[in-house]
Amino acid sequence: MVLDQSWLTYTQQHGHAGVRPAHVTAFVLAIVNFLLNGLIWYAFHACSKIINKSHLYLFYALAVTNCLTGFFSIPTFINLFAHNNLNCPKWSIIVGSAFEMALDRMRAILAIAIALERLFAIYRPRTFFLSDHKKNAMKICAFGVVWSVLDALFMIFEDGLSPIRTHCVSTSSSGPLFHTYFLIMSVVDGFFLFSVYVIFLVKFLSIRKSLPEPQSTIPKVCRRPLSIKRKGMKDLVGQTNSLTLTVIFCVLVFSVLPSTLYGYDMIMDRVVFMDLGPVVTIGYHLHGITSSFCYNYKHREIKRALDKVYPIRKRVCLTLSSS
């Protein structure tokens with residue numbers, strides 16, 4: 001076992017640190033991630049018109065994924081606290097870790113799908129708006145669920161359920177084949193997502209003037225409604241594109257980068273970044289938390305839905321702004 005043996009040697013040399021502040025931080029972030037994205041999830045569900053109007057099906061699925069990531073991390077850390085992060089039975093680690101790994105795969109698939117969808121919307125806007133977005137999103141989610149379940153099963157059964165692990169996090173709960181697979185997929189996902197991100201960013205910066213102005217030959221009676229409609233459409237597309245850029249950036253920083261750092265420990269067979277604590281898990285939850293704020297402040301329709309579903313939120317914001 002790659003990292004588990006490295007961690008065992010490191011623990012014998014430097015002693016066992018037990019539960020660290022980083023573990024407590026990750027546990028708190030998991031709860032916050034679960035609650036914030038749970039609110040977004042319910043707001044989307046209560047105001048389904050927003051999803052249909054702005055074609056936000058994949059963003060909705062990403063919010064659900066982040067919510068479940070926070071939820072299933074909670075038993076992982078409860079188990080870690082109960083055993084003082086030492087000598088955990090593997091089956092107890094699996095309770096949360098298998099879901100974390102599966103949801104990580106789902107998050108990567110959704111992030112890539114969102115990037116490709118918005119890129120297609122920019123280059124082929126007419127075809128994009130005439131397509132069946134709900135059906136396409138369901139196919140992507142079904143594909144993601146199957147792949148995620150296979151990842152979880154791969155991690156669970158490669159190395160058996162009986163061994164006692166040196167510590168109680170997901171990095172010690174799988175065999176060398178899954179570790180290698182996890183590293184390669186993290187690098188491939190990150191490179192592909194970054195490439196699409198750059199292409200999307202370049203096109204996004206050049207598209208602001210792509211919609212033509214209304215012709216001067218159109219009578220004044222008709223010109224104003226058309227101008228308002230075109231401006232509204234441009235604003236709506238701009239909001240979704242801006243949200244896409246922010247969400248993809250968060251995936252790169254908080255999901256791909258921590259996995260790469262974790263991969264360094266795997267390649268070098270050393271404990272460097274893993275000694276800092278649950279770096280990958282903290283990255284997952286920071287991504288979920290920042291995404292919830294991005295949904296709120298980068299898309300006006302989502303913000304209106306949150307104000308409608310949670311009226312107290314609007315009153316609190318007004319009170320703070322007036323003070």
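Yeah, the Cβs are placed from backbone N, Cα and C, and that goes for glycine too.
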Transmembrane segment range according to TrEMBL, out of 96-115, 276-295: 276-295
Contact check, the transmembrane segment (56-81) vs the transmembrane segment (276-295), 3+ Cβ pairs under 8 Å, seq sep 6+: yes
